[in-house]
Amino acid sequence: MFSCCYCQQQDDHLLIRSIEKLPVHTEVINLRRLLFPNNISDIKTIDFSLAKRDEFPYMYFLINHSSQGILTIRKEIDRDELCRLRHCRCDTWCDLELEIIVDREGFNIELITIRIIDRNDHKPVFLKNQINLTIVENAPIGAMIKLEAAVDHDQGPNSIIGYSLISSKSLPFSLLYNLIRGDLSLVVEQVLDRELISSYKFDIIARDGDNQTGILHVLVTIDDINDSPPKFEQLIYVLNNISESISIDSIISRVHAIDDDDGVNGEINYYLISQDNCFHVDAVTGDIHVRCLLDYETQTIHRLEIEARDRGEGYKTDFCTVLIHVLDENDNAPIIDIYSHDIQTDMNSLTIFLNESLPINSLILSLSIIDRDSDDNARVTWKLDPLSLIPFELIRLTESTGELRTKTLLDYEHISQYNLTLEAHDHGRPFSKSTHLNVYIIILDENDNIPTFQENNMTATITEHVKLISQDGYEIFHLHALDYDHGLNGEVVYSIINNENNVFRIDSNTGIIRALIEFDKKQQDKYILQVKAQDKGQPSLSSQGTITFTVISQNEYSPECDINNNNNNISWSILENSEYGTIIGMLSCRDDDKDLPNGEISVYPQWFPEGKIDDQNKYMIPFEIMTTKSNITESTLLIIISVNGSVDREMFSFYALTLVISDHGNPSRSTNISIEIEILDENDHCPQLNIESSFIMINRDVTQSYFLINLVAFDLDIGSNGNITFELSPETSPLFTNLYPNGTLIVETDSYLITDDSLVLLHVQIRDHGQPMPCLIVETLRLFIGTNRTNWVTVAKKHNYDDRSLSLPTEGFQQGKRMAHAYSISSSSRSSPIFQFSSSISLLSARKQILLVFIGSSIIMFIVVLTMVLCFIDCVHKAAKEKKHNLAMTKANSISNNSSTPLTNTKHNFNSLSTEKKTFYKDSSSTNHYKSLIPTTKTKPITKISSSTSYSSSSIDSTTRANTAHNRAITNTFTYVALNTSDDFMPVDFDDNINSNVDDKRFELMMTTV
């Protein structure tokens, strides 16, 4: 315990010294010893107490053992707090007065003064750790800045005794501290210059008597005055190679000035003094902007005077000069100036009119070519295109001038117009510029060509005893003369020179000669006419010719054809996909006239005479018409119609043909034969399932008994070939599903065989009833069966379908509702997992999957090798069969060496075969043939099954068939592959017993989608 170390007697009271912040219960003084030092042991009955308890300053003290009189600390005494609360005078002494009641055979009051002695428990503290000061740079020496002094609550030597400056650099300041008043000042000791040093950082240290310190961080900023003018970095700025093609508002350079002042005194604005509207100086940044399009050809150098001005009071300035050298760019194309009289100009073209009688070396036009650029940009090369094969030449007089003159005579009838291009290009870099002038030279026609007959001596025949129907007579000859001139110079007028008896009349404009009498060769068998053809030019030109008319017997008979009916209508039919060269029908026609012109026959065909076909399809007629003379009589003509293209019933089911069979009489006679060719259907299309998605969601809470959906398929064939039936694969279809032949699918949703959240695969067999080979495809439907509690996405992922394939909407599924974003997975061969039960799919191990892939690959390789072997056999067989067929046709028809005269490209020469209505095939077999719908030179694979009595073949190009122009675009794309009926090639889902009653001489072609 700590006790007072000092006590002294005052006039009327005792003074006791005690240090502040003694611990509680610390003994201050023993009152018994203090008040009764001499007889302390003799006095036994004495009691001490404080006059007050909780009032100041009694609250800080307590008397323990009242008989002993030990005065202790009740509450810690903080002298600095008492001073702050002004409970004592801290400028001198902090004294606390206590009244002590002494009970000794009576009460007595003793006055005791407790003087609290200060302890150095505080260090100097500045109110702010850091201060920022500002002083102008022209402050005089001795100027002072008042600072807030540090605070130390201790007294006397424990309080602040001094300050000091701490800095790593020399400071132009000192500290002035008045200890009595406590004032602290910063004094300027040297001249300040902000341009040299703009700020000072230092620390002020306050120190008390016990060497405790406080620190203040000081930043003194020298406030600027406008005492420095701006200075440009350069007096003259030279800007070279400023492109004249630079865009407006581009920045080409920046001028910059420096002002050592600070603040507004150092802020500089730039001003353009010189008057140049093509440039602008940014007042703040000094950027020089382009404000107009520069043109080297107008001004090559621009001189700018720019002023830099600060913003301080009494601003100061500086000046600089900017020289801008504009770089010539190849921005001017060559200019072609034309000098001529008879021209018409329009932008980059001109039209010149020249008489075809213009002499050689005549001046057509003069030209000059200039380029406003400089150096290589102005060097121009020019040429005339085309320069050859024209009657003109371009003569260069200088590098930039030239003339266009004629070098040969002009001929309007040979070439009436010349389109020339005069091209001029400079040698600028990186890209040259060019100018094109289109020169159109139009040759004016002159009457320099005489009307000319094809023959000056012409012959013709006239039939005798032709009755006159009208007084205008009838046409017997068409006279024609050719005049190569244009306009009136080329218009020809016809006339008869020796028409004394008015036996003939000629149309002066058309040249048609008409007979005005009935001729009789017994009276006169020849007539000779002198005719004249004269143009309308000035002066007029003309020529003459002779026509010799020979009177022959009357053209009594019209051509006749071997047709039983009297209306000249024929109906033929042909099976679609018939091979090239297959004959559709033949006609035998004759003319009984004996005279050669009257008995000669020509055939003029017209397809779809009623215009039921567009112009594009007119050139896609798959038939060929050939004619040949019969070796029976010269007057008999054999007409043969055969296949010359791809015959497709789905494109055109019939073709209408009119044959105009005309003789060469004057006037001629003709017969019209109408032929309708019907295209018979062949089973060359397989059924197609029309469904948007193969995924079907079934909610058993909605469809509690039966779920029904109607499957729809289509087949482009007709009749039995297009008759479609549906059937479920018996090996994989569950017992709770039933598919009717018409496509109605019923699912018993209340069946105990169904488990919730399951996937059921249905393999739907869709077949037509075509003969001799029906077509079968297999489609796979995926039934997701669940309830309202089913998470369809989870079910889909469970069965290895991703989110993309099953983007399900949020609303619940209704009966028959399919996924809007689902996609259909086409059926594949039996190695595909879709032909397995759904439970097997989830249980397949990786080893089984690898085995399946290996087996599938082996089957595919076997099919490829087998197909190549069959193709080779088919090629050999076809070649032998073709050779045998040609030999048989040669023997049967006894083809002679007479040349045939086909209307189109002839493939075969045929002798006379009279027929009315018949369907022809390449061989005598009654079996129809599959064939590609598009002509191709490639050999197609053949699938054959031979028996002892018949032969059947199938040539299917499924890819070609799927890509024919007439096929519709459908949602799912399938490729059809022919499968043999052997077990090795039959998918496990096919029913081998279907159509088991088919004749053994044929086979059923089964198709599956791949």
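Just so you know, glycine gets a Cβ as well, placed from its N, Cα and C.
Given the structure is predicted, the values throughout are model-derived calculations rather than measurements.
The annotation domain 'Cadherin' is assigned in TrEMBL to 46-126 (among others).
The domain 'Cadherin' annotation in TrEMBL covers 127-232 (among others). Mean per-residue pLDDT, taken over the domain 'Cadherin' (127-232), amounts to 88.
What TrEMBL lists as domain 'Cadherin' is 242-336 (among others). In terms of DSSP secondary structure, the domain 'Cadherin' (242-336) contains 3 helix, 43 strand, 49 coil.
Positions annotated as domain 'Cadherin' by TrEMBL: 346-453 (among others).
As annotated by TrEMBL, domain 'Cadherin' applies to 454-561 (among others).
Sorting the domain 'Cadherin' (566-689) by DSSP state (H, G, I as helix; E, B as strand; all else coil) yields 8 helix, 60 strand, 56 coil. For 566-689 (among others), the entry in TrEMBL reads domain 'Cadherin'.
Among the features that TrEMBL reports, transmembrane segment is placed at 850-873.
The DSSP breakdown of the domain 'Cadherin' (454-561) into helical (H, G, I), extended (E, B) and coil residues amounts to 3 helix, 49 strand, 56 coil. Using DSSP to sort the residues of the domain 'Cadherin' (346-453) gives these counts of helix, strand and coil: 4 helix, 56 strand, 48 coil.
Mapped onto DSSP helix, strand and coil, the domain 'Cadherin' (46-126) counts 9 helix, 34 strand, 38 coil. Taken through DSSP, the domain 'Cadherin' (127-232) splits into 3 helix, 54 strand, 49 coil.
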